[in-house]
Amino acid sequence: MKKKLVALMMVGCMVGTLAGGSMSVCAAGSGKTDTVTVGILSDPENMGPWSGMSQGRIAMLFSVYEYMITREDGQVYGVLAKNWEQVDAQTYKVELYDYIHDAAGNPLTASDIVFSFESAIATKNYGKLSVVESVTAIDDYNVEFKFNKALEIGEFENVMLECAIVTQAAYEASKDQMATTPVGTSAYLVESYVPGSELILKDTGNYWQTDESLVHGTSLHNAEEIKFSVITEASQHTVALQTNAVDISNGVPDTDVAKFNEGGEYSEGNAVSIILDNLSFDIEYNMSDNSVFKDDKNLRLAMAYAIDKEGLNIGAFNGNGAAIKDFGNSSYPDYNPEWDNEEYFDYNVDTAKEYLAQSGYDGSALTLMYTNTGAQELLAQMLQAYWGQIGVNVELLGYDQMMAQQEQYNPEAFDVLLKTTGSTDYIVNQWKLCWDARDYQEVTGGTANFVQDDELQKLMEACLNVETYGPETIDAVHDYLVETCYGYGVVQGTINIVHSEKISDVALDSRKQILPGACVYAE
Amino acid sequence: MRLPSFRERKGVFILMWKYIIKRLLWMIPVLLGISIVIFTIMYFCPGDPAASILGNSATPAAIAEKRAEMGLDQPYMVRLLSYLNQVFLHFDLGDSYFQNQSVMSGILYRLPYTATIAFICILLQIVIGTPLGITAAVHQNGLADRICMVIALAGVSIPGFWLAMMLVLFFAVKLGWLPPYGVGGLQYFILPCVANAFAGIASQARQTRSSMLEVIRSDYIVTARAKGLSEREILYKHALPNALIPIITVVGNGMGMMLGGTVVIESVFSIPGIGMYTTSAINNRDYPIVMGGVLFLGALFSLIMLLVDVIYAYVDPRIKAQYEGQQKSWRRRKKANG
């Protein structure tokens, strides 16, 4: 296969920018502050570069570590990687900047990249790295990545974004494998850490990338000092913002957010940034052999037409979210805007009742399983009401995230599943999280929701394949999912960031976590 | 009255130590039981730490591989025996799945926060609850009794979580006197301790009142009054010491409640103690921390209850006499056997 620049391929794929939920990219050097305090809901626990993911850890990750590349507004930029190219179907070559050093001053070379990837792979904590066959240093600043299969769309970038990079020297100098004293290549070093309470990062003033035009969002350092304050109780986030103990938080309960809006009880000195989430709330029918939905498309359609998606948006997100027209949402660069004008199970009680009459539904109670977080709880109750009005009796079954994650592969556990899915890159990779049977075959015998459909699998593989990925194959999957109604998206949620007016522009990373170093400050 | 001889005192002392050692040995099956119960609960508890580590987008295959690496695919008995072996033969509570740290060092790091809260709470319980109960008993059915009992009723009825938030809103938000959450100086412990101790104060007051009322009606108190002793003397020299046993029991149980109560209070006030350590581990299904935390608190509570039993012997002459009696009969048996 001819060599081709991956960057060029990406440009071809990414034509749009992310809507609403996009990262606010700040110009380096503008709007700085001495100190910013971020309220987070969980302790980072272990700040080592390759430990297991947790809610607290994800909040500080991009402030301490850098990755080979970054993704902003649907575009991919190099961070440590200066250039990269595809050598053949399973081999990529990456060139590094030759002047990188970590926050402790250790120079970073290709051997450190090899060390970082090999260490991360050895932990088995990163499923996306399972495609890596080998990582080899060609010379001091060039690394070769060999993969164990031809990569699919977005897969190379995901590998590059999965592994935090550190120097071997710094890692080996750490007494606790960087669990409490992480040293990455970002501008920040840990000043102090009180487990379970507070983490303070300080700008070293010695960031390696001196060309400001090459500093992207995740690497910006607009705050001299970043303080992460662990506040485990959500209502205490409201108190912390009221008392100016923190400057920014995404942990304020939904019921309190309105109080910080203009004219609200706590609006003085505070503001709310409502950002569209990259996650979509989807409905998946249980399509296993014993399920009532398996051979009853009319029942599937009846329940789909009974849902007022705009009603869900208003009820759960005060209308700030978006009713969606696909299994994914419109924030992806490969979302086809024409879908917005198409019929997508648009709310129609009469149509729903007609389909129900033609179905074999016998009035028995169906179980709707969901994760019992605030928004999903509300959505589940509304769905129960919508389905109730056409005569479908639904019982609610709410689980905590861990339990729901496990029970979703149990065909006896539910009839309908309300789930959030989302990807940080393309809509096809969001679809993959449910519809690619290759990932779920061993457990479900088909897709994540037990669908066994060769045609769907063929279409999925076509849209994921780099060679055939494009509008035609993407449309084909979308149309097929609409036609079969195995599952569908209902609403795109929001992320509510409450912050003091000291912050004029909020920046989020691709996982929708606050990037305090990249926010723009008014002072 | 003849004072006990040195030999008699030594004998009682030896018997006490025997009793303490016996109780300490009894702790082994208790802790073994706790370990088996908590391990079994965690084993059958749905949710998968491997899935938690790998995140939402992990495929079932990746999760299965991680489970195998963590040994979570082993049968129940294999995992249980391995855990018991690790805890009871190697004194190792294991390592956290998420933190690069042994559970014991994590617990010991957090113990001072939990211990501080529990200690202050128990102090508040004794210092406020006992006088409240005495006052109520002395003024039975009077205004003071009713006020004390209303306070006690409020204490046992109000949920600690709700009280904590009310205290935060008033003292931190409205008045700005105290910090709403976090750790630092002593001021950070005031609101959590008051919120956590309120129920304990109430129980203490109710128990003290009930014990005191029982004692106050006894014949020897009537005799003391007939002898012309002052009310103060009767109360503190004759009534209170005899009412102490149930009061001390409540204090001991209260210590257990305080340790358990910190789970909620630490989460509300973001105090990085053992309670918060364990709660966040439950959410992540970090089994070693949950099991280690419960086991540690269980051991601590057993020790506290042992301490309570030893204190009984010192405050209650009847129990002391029982030990002395045992010592005498032991000597008689020894003499009879030559």
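Glycine residues also receive a Cβ, built from the backbone N, Cα and C atoms like all the rest.
The structure displayed is predicted, hence computed values, not measured ones.
The domain 'ABC transmembrane type-1' annotation in TrEMBL covers B:111-312. Per TrEMBL, transmembrane segment is recorded for B:24-44, B:113-138, B:150-173, B:185-202, B:243-269, B:289-315.
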Residue numbers, six or more beyond the limits of the transmembrane segment (B:185-202), whose CB comes under 8 Å of its CB atoms: 116-117, 120-122, 124-125, 128-129, 132, 151-156, 158, 160, 163-164, 167-168, 171-172, 178-179, 254, 257-258, 261-262, 265-266, 268-269, 271
For the transmembrane segment (B:113-138): best-contacting stretch of B:24-44, B:150-173, B:243-269, B:289-315, by Cβ pairs under 8 Å: B:243-269
Contact between the transmembrane segment (B:24-44) and the transmembrane segment (B:289-315) (at least 3 Cβ pairs under 8 Å, separation 6+): yes
Other parts of the chain folded back onto the transmembrane segment (B:289-315), taken as Cβ under 8 Å at six or more residues beyond its ends: 16, 20, 23-24, 27, 30-31, 34-35, 38-39, 42, 83, 87, 93-94, 96, 103-104, 106-107, 241, 244-245, 248-249, 251-252, 255-256, 259-260, 274, 277-278, 281-282, 323
Non-local residues, at least 6 beyond the ends, that sit with Cβ under 8 Å of the transmembrane segment (B:243-269): 113-114, 117-118, 121-122, 125-126, 130, 133, 160-161, 164-165, 168, 180-182, 188, 191-192, 195-197, 199-200, 203-204, 207-208, 210-212, 214-215, 275-276, 278-279, 297, 300-301, 304-305, 307-308, 311-312, 315-316
